[in-house]
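Chemist: The structure's right below; bear with me while I get my questions together.
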Amino acid sequence: MTIEPRATADLVDDIGPDVRSCDLQLRQFGGRPEFAGRVTTVRCFQDNALLKSVLSEPGDGGVLVIDGDGSLHTALVGDVIAALGRDNGWSGLIINGAVRDASTLRTLDIGIKALGTNPRKSTKTGAGERDVPVEFGGVTFTPGDVAYSDDDGIVIVTP
């Protein structure tokens, strides 16, 4: 089921003061600046094997929220993994961590928000957790929530 993007400012106006918006100032890296979808989560630290495995599955228009504990030491997503997500139907990635291949990411039809960049590769041991609540930017991302993202920020809605 595809969830259409909506302007996050309009969502905030509609929801009011109890809105769940991410306070973390993530940068826009993907070629799709507005995206929305059901949340799937991964928690991993400087290791991207688990998130690559998840992005290998059909995304059905979902958003993968990746909590890399804010580390900018290694990139969790680069052009190959982002293209894998795009090819498997994910609408976007929200990353509490770093990406690489930034100039190529801008050309891919997938939304990507992250803290910053680092050309260093991550490890690939498969360490991490999937489908668990993750928290960053003052908001908890729970699997099954709906994430809306645009140039103004990220809003999370529980259906």
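Glycine too: its Cβ is placed from the backbone N, Cα and C atoms.
Per Swiss-Prot, substrate binding site is recorded for GLY78, ASP79, VAL80, ILE81, ARG100. Residues or ranges marked as divalent metal cation binding site in Swiss-Prot: ASP101.
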Chemist: For a quick check of understanding: given the listed substrate-binding residues GLY78, ASP79, VAL80, ILE81, ARG100, what is the maximum Cα-Cα distance in angstrom, as an integer?
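Modeler: The two farthest binding residues have Cα atoms 10 Å apart.
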Chemist: Can you name every residue in this chain, apart from GLY78, ASP79, VAL80, ILE81, ARG100, with its Cβ inside 8 Å of the center of the Cβ atoms of the recorded substrate site?
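Modeler: Other same-chain residues with Cβ inside the cutoff are ALA75, VAL77, ALA82, ALA83, VAL99, ASP101, THR104, LEU105.
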Chemist: Near the Cβ of ILE81 (substrate binding site), how many other Cβ atoms are there if near means within 10 Å?
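Modeler: ILE81 (substrate binding site) is surrounded by 21 other Cβ atoms within 10 Å.
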Chemist: Out of ASP79, ASP101, which of the binding-site residues is least crowded by other Cβ atoms within 10 Å?
Modeler: ASP79
Chemist: Please report the DSSP secondary structure of GLY78 (substrate binding site), reduced to three states.
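Modeler: Assignment for GLY78 (substrate binding site) reads coil.
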Chemist: If one measures from the C-alpha of ILE81 (substrate binding site) to the C-alpha of the residue listed as 'divalent metal cation binding site', what distance in angstrom results, rounded to a whole number?
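Modeler: ILE81 (substrate binding site) and the residue listed as 'divalent metal cation binding site' have their Cα atoms 11 Å apart.
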Chemist: I'm trying to understand the geometry here, so how far is the Cα atom of ASP101 (divalent metal cation binding site) from the Cα atom of ASP79 (substrate binding site), in Å to the nearest whole number?
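Modeler: Per the Cα atoms, ASP101 (divalent metal cation binding site) and ASP79 (substrate binding site) stand 6 Å apart.
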